[in-house]
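Novice: Sharing the record's features from Swiss-Prot:
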- 197-204, 222-226, 244-247, 309-312, 329-331: GTP binding site (BINDING)
- Ser204, Thr224: Mg(2+) binding site (BINDING)
- 191-351: domain 'Hflx-type G' (DOMAIN)
Amino acid sequence: MEKALVAFLVENLKKFPYQKEEFLALLKTRGIEAVDIISQRLEHPVPATYFGYGKVQEIGELLKKHNLNLLAVGGDLTPTQAKNLEEILEVTVVDRTQIILEIFAEHAHTHEGKIQVELARLMYNLPRITGLGRVLSRLGGGIGTRGPGETKLEVLRRTIRKRIAELRRELKEIEQNRKVKRSRRLEAGVPIVALVGYTNAGKSTLLNALTGAGVLAEDKLFATLDPTVRKLTLPGGQKLLLIDTVGFIENMPPLIKEAFKSTLEVVHEAELILHVVDGANPYREEQEAVVEKILTEMKVRVPVITVYNKVDLLPEPVLFLGKRAVAISARTGYNMELLLKLIEENLFWQEVTVKAVLPFAQAFKIGDLKENLKLINLEYLPEGIEVTVAGPRERIARYLGREKLEESNGEKPV
């Protein structure tokens, strides 16, 4: 196991204990032991070195004291800050984003997952090769270069940008294939339920408990990166597809969000979402709020059941309140029958047919309707485009609007 000095910049005293514990868990997952911890209270990072000058000197003394050559910073460094710290301290410096990327690289198993991780790492490293020009000799003209004046640094940058473009094209092709599979699932009429939650909340354990899937379930952060799809038959005989997704984390690095966009978007295919929360985590409320915020940002508009998992680890009973909430233990099976009942109650199994007139200005919706619902008929009228579609009520409400659903069926909002 690698050993490191861990350094934090404390911008928010209230959040610091939670952020500290989470970063130490990330390091443990990565296989790095925190030998010592140092922190500095500052409202904002110092532009050049992240920490103040005096604190940097103190960090250097601790590194020498413990004979360490690795500094792990519990925040995100700019390329300049990372370079300056490495030059001053003469050790390897890694930040929070880099640790997360290394964990992702270890846990990516599918072709898509590996592409996404490579894309994120290249986007992270591209701005960090700046400054290498001082130590790289200049190249003469040759194949792949633009002439005798091009440096190795410029060639490296160009190579990385080219690879990033290739990876983005590959991901686009994978996304198109996913859309084809999604259309087939829709034609089959099998509803989709997505498992989402903070990393290490127990989503994979729950997937295994419900379906016997045998998916890797470890007490590690980001143990699951690749979406896993499994069939589930409810007690009433209804069939559905259950999808496990990559775990969320507070302040998810933007480049990871971009690289894993297509994976995260899988929640938009779902008729129902199970938000799995680690009910025994002391920072449960903070983690729950992070996931809810991300779902809001993603404009998720389907029912969400909050599943408080790991309640068997609680020293004493806790009352979890909520209209769509259930406390369970995926490990022991506690309350799993109640969870299945809630899934049945919240999924609208009956397929309905809706006829609605769209204004011509909303003609762009036709593509979404064809892709996500059964488009039975389409007719152009003087007042707009009349469409007849069939599908689950919630999905129709999502793409046509609940008002259109109510007008067509004479129903009240659910």
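Keep in mind that glycine also has a Cβ here, set from the backbone N, Cα and C atoms.
Could you tell me the structural context for the features on the list?
Specialist: Just so you know, the Cβ of Asn200 (GTP binding site) picks up 24 other Cβ atoms within 10 Å once every protein chain is counted.
Taken residue by residue with DSSP, Ser204 (Mg(2+) binding site) is part of a helix.
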Novice: Just going by other Cβ atoms within 10 Å, which of the binding-site residues Lys203, Lys310 has the emptiest spot?
Specialist: Lys310
Novice: What does the structure give for the C-alpha distance between Ser204 (Mg(2+) binding site) and Ser329 (GTP binding site)? Integer Å is fine.
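Specialist: If we compare the Cα positions of Ser204 (Mg(2+) binding site) and Ser329 (GTP binding site), the gap is 13 Å.
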Novice: Please give me the CB contact count at 10 A for Ser204 (Mg(2+) binding site), counting all chains in the structure.
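Specialist: 22, counting other Cβ atoms within 10 Å of Ser204 (Mg(2+) binding site).
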